[in-house]
Amino acid sequence: MLTLYGQDLRSRLLLGTARYPSPAVLEDAVRSSGTEVVTVSLRRETAGGRQGGAFFELIRALGVHVLPNTAGCHSVSEAVLTAKMAREVFGTNWLKLEVIGHHDTLQPDVFGLVEAARILSAEGFEVFPYTTDDLVVAERLVEAGCKVLMPWCAPIGSAMGPQNIQALRAMRANFPDVPLIVDAGIGRPSHATRVMEFGFDAVLLNTAVAGAAKPALMAAAFAGAIDAGRQAFEAGMLEPRDFAVPSTPVIGKAVFA
Ligand SMILES: CC(=O)[C@@H](O)[C@H](O)COP(=O)(O)O
């Protein structure tokens, strides 16, 4: 069971709602993913070009938790204002906080992120910060009030998969009690399995499902991959060895040559 800000969840997949070809495709993907949390941008163009009321009605009708996000915000003031609007619209204190710092890579502005996280946490928001894999920034975010961390594994929408395994492992080791969700850059189910295998608590993804030829099928594939990675982590995996270990015992062998 995954617990985020006191909310118990069975699914460890959080799904984005942008870039789907139509609202119907989005709905199918959400249902087949088994997700219990979808993230929604107030600013980004939404499925099939539907914006505002109609789109938000569709999201509410899905019956899942809504995690509003500040995608597209490039400053602290813009992110804080968008967060407050999101709370009005969705009636939740949850917030996926994005403060974008770099136009090409969409890398977070970690300085603005920490500042915005501090302001919003003090105002009662439960902040899910989209951050890098930097340990010091992560520490500052926790000090600012964040009880969940969401490091990228590659740039948003790149589908490159984990680029710095050691940094992600270091985050897990340094924050054993903070739920860690990989957010952004996952391209394939195997990428999701990999990060789950080394102990991440969940994965948030959008582009890999929304951009697939069959989004609902891909959503189901990701759900299975995330479960497999989690089960493997809980089962306790062998460390790779650079020598052979016979799987058949030699005791009882007739001839020892
Ligand atoms: C919807 C959303 O929040 C995404 O921008 C998120 O960061 C996931 O990134 P990918 O689209 O790379 O999965």
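Residue numbering: from 1, along the chain as shown.
From the backbone N, Cα and C atoms, a Cβ is placed for every residue, glycine too.
Straight from TrEMBL, the features:
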| type | residues | note |
| --- | --- | --- |
| DOMAIN | 4-249 | domain 'Thiazole synthase ThiG' |
| ACT_SITE | Lys96 | active site, schiff-base intermediate with DXP |
| BINDING | Gly157, Ala184, Gly185, Asn206, Thr207 | 1-deoxy-D-xylulose 5-phosphate binding site |
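Of the listed binding-site residues, namely Gly157, Gly185, the sparsest CB environment within 10 A is found at Gly157.
Spanning the residues Gly157, Ala184, Gly185, Asn206, Thr207 that the record associates with binding 1-deoxy-D-xylulose 5-phosphate, the maximal Cα-Cα distance equals 9 Å. Distance noted between the C-alpha atoms of the residue listed as 'active site, schiff-base intermediate with DXP' and Gly185 (1-deoxy-D-xylulose 5-phosphate binding site) is 16 Å.
Thr207 (1-deoxy-D-xylulose 5-phosphate binding site) falls within a helix when secondary structure is assigned with DSSP. Across the domain 'Thiazole synthase ThiG' (4-249), mean pLDDT in this model comes to 94. Under 8 Å, Cβ to Cβ, and six or more positions away along its own chain, Asn206 (1-deoxy-D-xylulose 5-phosphate binding site) finds Leu15, Gly16, Thr17, Ala18, Arg19, Thr39, Gly157. Reduced to three states, the DSSP call for the residue listed as 'active site, schiff-base intermediate with DXP' is strand.
Using a 10 Å Cβ-Cβ cutoff, Ala184 (1-deoxy-D-xylulose 5-phosphate binding site) registers 25 neighbours.
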